[in-house]
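Since the structure comes first, as structure tokens, the remarks are kept for the end.
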Amino acid sequence: MLCVADKKEENKMTIVSDSFLLDEDLKQYTFQSVGFGLALGLVPLHFLNFLGTRNVTTLYGIVGIISAIFYPTSYKLGFYSSFITRLFQGAPLGILLWLIAKVATEWTPKKETAIAIAILTSVYQLAPFVAQISAAEMCQYFGWEYTYYFLAVLCAISHIAFFYVYTDRVENNKLASAEEKAFISEGKGKVSSEDSPDVPYSQLLLDPTVWTTWFANLAFFSSLLVFLQYGPLYMNQILGFSVRITGYSGGMAHVFCLLAKVVFGKVMDGSEMEMTKRLKTAWTVIEIPSLTLLLALVFVRDMYIQMVCIVTFITIHGVAIVIIVKTQTYRSVEHNHVLANGNTLCVVLCLFVQPLVVKFLVQSNTFDEWSHVFGLHAILILISVILFTCKVEATPAKWTGIRKVAAKIEEEL
């Protein structure tokens with residue numbers, strides 16, 4: 001969007017169909033369109049589950065590829081066609097956390113959960129990195145349209161590879177050895193999402209840990225989305241950095257975060273601290289510095305310090321998703337995909353509400369107005385730290401299959 005805006009300023013012969021990005025209301029709807037698509041993508045997910053993880057992921061991937069290819073054309077046709085195309089671009093995001101939960105539960109060795117989740121959630125760093133760097137180069141040399149064509153090709157390659165490598169059940173995979181399959185299944189028992197399809201929603205929704213992780217996820221994604229959606233505009237229009245510097249600084253921040261997540265995952269897996277205490281400590285260690293960096297953005301006005309704070313915040317704060325998913329995996333076991341869908345609903349809520357909040361707080365696009373946005377998210381993170389340290393339990397809940405089997409064995413004895 002920033003690249004398109006820059007092209008408009010350079011070209012005085014702007015066509016009428018481009019004008020919708022100059023309208024603040026239509027720009028807001030454009031930001032929200034992905035949220036509408038994400039919500040739309042959740043609807044058929046439950047009904048398509050019978051197709052299996054590989055087929056569902058491939059189907060959603062095809063939707064994403066087609067919408068990416070068509071977006072430059074739809075943009076030239078005006079707001080409505082652009083909105084609909086972005087809606088379809090958002091739909092595949094509806095399965096992202098669901099897919100991560102599926103793989104984390106079924107394909108991850110229990111002793112390497114944290115590092116596996118760190119790798120799986122690296123999509124939140126790799127995607128912005130690839131998108132921002134490619135956008136910076138395409139805008140510089142070819143035109144913003146080629147960013148979407150390039151990303152469509154990458155999407156097609158990745159989904160073809162996924163379809164070839166992935167199988168819904170570990171034992172059916174021809175690429176994994178018998179030793180690898182045994183290592184993956186070690187300590188998991190026979191309970192799986194396929195063996196226990198009935199979800200105890202009434203018990204699940206009364207669990208404080210479930211709601212705490214959902215709020216933590218809301219605070220996490222809302223704070224991160226500020227910089228994913230508005231970061232480039234803020235750094236360009238408020239701090240005065242060029243589009244290229246903005247793209248590269250944002251991209252490098254996600255690379256740093258990816259490295260931090262891998263290191264953090266290894267430390268988490270290697271720790272001998274009791275799991276609940278380990279996760280509570282980790283959340284505090286990650287989110288208190290994140291809170292401090294947001295406060296620095298509120299009070300410090302130096303453009304270079306601001307850029308360092310933004311890059312550092314993305315690096316540190318992005319690690320928090322590992323803690324959320326790991327907590328949910330240990331707590332909900334085979335029902336982890338349900339909590340993942342709740343995480344996705346939190347993202348949808350952020351995508352809907354955040355543009356409204358930003359529009360209300362940022363009316364003249366000034367530093368002081370943006371400081372209110374950063375301050376609000378600092379409060380959200382503070383509340384998440386308090387709730388996480390007081391309410392989270394990382395032991396399997398009574399409504400999971402593992403606890404039910406254990407209780408049945410105790411009764412027989």
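Just so you know, glycine gets a Cβ as well, placed from its N, Cα and C.
Predicted, not measured: the structure shown is a model, and the values here were computed from it.
The transmembrane segment annotation in TrEMBL covers 29-48 (among others).
Per TrEMBL, the feature transmembrane segment maps to 55-73 (among others).
Residues or ranges marked as transmembrane segment in TrEMBL: 79-101 (among others). For the transmembrane segment (79-101), the list of distant contacts is 20, 26, 29-30, 33-42, 45, 53, 56-57, 60-61, 63-64, 66-68, 70-71, 117, 120-121, 123, 325, 328-329, 336-337, 339-341, 343-344, 347, 351: same-chain residues at least six beyond its ends, Cβ to Cβ under 8 Å.
Annotation source TrEMBL lists transmembrane segment at 113-134 (among others).
Residues 3, 53-54, 57-58, 61-62, 64-65, 68-69, 71-72, 130-131, 134-135, 138-139, 173, 175 of the same chain lie 6 or more positions beyond the ends of the transmembrane segment (146-166) yet place their CB under 8 Å from a CB of it. Per TrEMBL, the feature transmembrane segment maps to 146-166 (among others).
Counting only same-chain residues 6+ beyond the ends of the transmembrane segment (214-232), those with a CB under 8 A from a CB of the stretch are 2, 31, 124, 128, 132, 243, 246-247, 250, 283, 290, 294, 310, 313-314, 317-318, 320-321, 324, 339, 342-343, 346-347, 349-351, 354-355, 358, 373-374, 377, 380-381, 383-384, 387-388. If you look up TrEMBL, you'll see 214-232 (among others) marked as transmembrane segment.
Residues annotated as transmembrane segment in TrEMBL: 238-260 (among others).
What TrEMBL lists as transmembrane segment is 281-299 (among others).
Annotated transmembrane segment per TrEMBL: 305-325 (among others), in sequence order. Sequence-distant contacts of the transmembrane segment (305-325), counting only residues of its own chain at least 6 positions beyond either end whose CB sits under 8 Å from a CB of the stretch, comprise 100-101, 104, 114, 117-118, 120-121, 124-125, 213, 216-217, 220, 223-224, 227, 231, 235, 239, 241, 249-250, 252-254, 256-257, 260-261, 264-265, 268, 279, 282-283, 286-287, 289-290, 293-294, 296-297, 340, 343.
Among the features that TrEMBL reports, transmembrane segment is placed at 337-358 (among others).
According to TrEMBL, the transmembrane segment annotation covers 370-390 (among others).
Comparison of 29-48, 55-73, 113-134, 281-299, 370-390 by number of C-beta pairs under 8 angstroms to the transmembrane segment (337-358) places 29-48 first. Tertiary neighbourhood of the transmembrane segment (29-48): same-chain residues 1, 20-21, 56, 59-60, 79, 82-83, 86-95, 98, 229, 341, 344-345, 347-348, 350-352, 354-355, selected by CB-CB distance under 8 Å and a gap of 6+ residues from either end. Recorded stretches compared: 55-73, 238-260, 281-299, 370-390; the one with the most Cβ pairs under 8 Å to the transmembrane segment (113-134) is 238-260.
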